[in-house]
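Here is the structure we will look at.
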Amino acid sequence: MRAQSSDLAKNVYLEQLHDRNETLYFRVLVEHLAELLPIVYDPTVGEAIEKYSHEYRCPRGIFLSIDRPDDMEKAFATLQLGPEDVDLIVCTDAEEILGIGDWGVGGIQISVGKLAVYTAAAGIDPRRVVPVSLDVGTDRRSLLDDPLYLGNRHSRVRGADYDAFIESYLETASSTFPDALLHFEDFGPSNARRILEQYGGRYRIFNDDMQGTGAITLAAVLSAVKVSGVRMRDQKLVVFGAGTAGVGIADQLRDAMVRDGADSRQAAAQVWLIDKQGLLTRDMDGLRDFQQPYARDPDEVADWARDDGAISLLETVRRVEPTILLGTSTAHGAFTREVVQSMSEGTERPIIFPISNPTSRIEAMPADVIAWSGGKALVATGIPVPPVEYDGMTYEIGQANNALLYPGLGLGTIVSGASQVTSGMLLAAAQAVADQVDPSRPGASLLPPVESLRESSAVTATAVVKAALDDGVATSKPTDVSEAVREAMWQPVYTDGAAA
Ligand SMILES: NC(=O)C1=CN([C@@H]2O[C@H](COP(=O)(O)OP(=O)(O)OC[C@H]3O[C@@H](n4cnc5c(N)ncnc54)[C@H](O)[C@@H]3O)[C@@H](O)[C@H]2O)C=CC1
Ligand SMILES: CC(=O)C(=O)O
Ligand SMILES: [Mg+2]
């Protein structure tokens with residue numbers, strides 16, 4: 001594997017091993033998690049998705065086509081699994097893969113990659129999971145023109161037909177496998193939140209980009225706040241990139257401010273959203289419904305500087321003096337030296353998280369953020385990055401990627417048989433992750449290291465089971481929760497002479 005000439009070649013090589021010998025594949029992953037997570041998952045998985053039809057060797061997963069909605073049951077039946085045999089299904093319609101946009105049927109690899117992390121990081125049984133591609137077409141011209149493209153050759157279906165397809169998926173998946181958690185990944189901003197809000201009460205749904213990302217970012221902020229000394233209720237948050245992830249995080253941080261004593265109106269007023277049209281204000285056309293609670297009063301910003309009519313990130317940072325700056329925009333390099341320096345002038349220990357993925361989309365590299373802030377910034381990123389040396393000190397950079405949280409959350413949901421993923425379970429997961437680090441040492445990481453992710457996921461899952469019990473959604477009630485979690489974790493070892 002190490003002799004392969006590129007990260008993509010390593011990804012393909014490992015996928016072939018996955019097909020030949022699942023136990024060995026996961027044993028290698030578990031024993032080399034920090035080295036191999038970036039290969040099977042973020043950032044290399046982005047390239048594997050882009051090249052999917054060209055690197056295609058063998059299908060993994062279930063492919064559901066919007067052109068053949070009546071075949072759904074038949075497709076699931078090919079798995080030859082009974083109603084109690086599946087714990088988890090990860091699906092994507094691939095409209096907003098990581099920060100690289102619409103990749104059609106190649107998006108199956110994000111479902112495969114997310115599931116590999118579930119198993120390697122939390123011991124979810126790989127024989128009891130299903131990756132799904134919901135192929136509703138693609139708007140990417142280069143795919144439609146590519147003779148090798150394997151997906152449906154038409155633009156994305158939207159509106160009533162799309163909604164009927166999603167509803168039919170939820171109904172078929174949950175009636176075929178009633179115990180399964182339905183994980184949604186990388187849907188576009190017009191669908192991600194809408195699906196969760198519309199169906200979250202009826203089906204056991206988890207939206208990773210909103211809920212998982214919100215919770216891991218909250219964990220990193222809880223750690224950072226211990227260092228900065230500014231109370232949660234007094235934080236001022238600027239979110240750059242007000243889409244699914246950005247507003248999902250804003251919601252969880254706003255709720256954390258309320259829990260720390262801010263009133264709900266005040267907490268929302270301590271959040272500023274910036275998108276392509278600049279700082280979002282109430283008088284703008286085309287605001288998304290989930291952006292509206294945070295849009296600013298135009299009078300409040302009447303005398304702020306504008307560039308082509310838009311209030312920039314730099315102007316917002318100068319005026320607001322935020323304590324937290326989050327990047328979920330996919331705009332590489334948007335956190336400039338001026339932005340970071342201005343933020344460092346306004347607050348003693350600025351919390352700066354450029355968490356867009358993959359590497360080509362990150363708002364700033366941590367080495368720059370740390371240098372531009374004179375070593376004051378508390379930094380976490382979505383991609384894995386090596387420690388940064390600055391002014392004689394080593395800064396460990398925590399990976400604020402939902403992969404550091406969703407495996408434990410999923411394991412806890414499965415062990416408790418929770419009928420819903422509640423806000424209490426998300427908060428418990430965030431708190432459990434944050435409690436596993438001591439950020440007080442100068443340069444310490446804000447999050448647990450990937451090397452210990454399996455151990456960390458067990459601790460997180462235990463907290464999640466307890467929260468599910470407290471919230472009254474658990475259908476299984478283990479007496480020794482920690483023991484039940486550890487027993488549920490699948491181990492990559494050969495049993496009964498079976499190799500794979
Ligand atoms: N670290 C993590 O765990 C996660 C990171 N992400 C990353 O966050 C980014 C966004 O993902 P989603 O929220 O799912 O996508 P999205 O499409 O829902 O949101 C992106 C938002 O950024 C805005 N935007 C684009 N260019 C901009 C610019 N130049 N200036 C200001 N705003 C701009 C878009 O209009 C959109 O509202 C991606 O790079 C993704 O990889 C997403 C989920 C988890
Ligand atoms: C990490 C992840 O879920 C994303 O970038 O979309
Ligand atoms: Mg995602």
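Cβ atoms here come from the backbone N, Cα and C positions, even for glycine.
The divalent metal cation site in TrEMBL is built from Glu185, Asp186 plus one of Asp146, Asp161, Asp209, namely Asp209. Candidate recorded positions: Tyr41, Asp209, Asn401. Those with a Cβ under 6 Å from ligand 2, in sequence order, are Asp209, Asn401. In the vicinity of ligand 1, defined as a Cβ distance under 6 Å, none of the recorded positions Tyr41, Lys114, Glu185 are placed.
Closeness to ligand 3 is met by Glu185, Asp186, Asp209, these being the recorded positions among Tyr41, Lys114, Glu185, Asp186, Asp209, Asn401 whose Cβ falls under 6 Å from the molecule.
Around the Cβ of Asp209 (divalent metal cation binding site), a 10 Å sphere holds 25 further Cβ atoms from the protein chains shown. The CA atom of Lys114 (active site, proton acceptor) is located 7 Å away from the CA atom of Tyr41 (active site, proton donor). In this structure the C-alpha atoms belonging to Glu185 (divalent metal cation binding site) and Asn357 ((S)-malate binding site) are separated by 14 Å.
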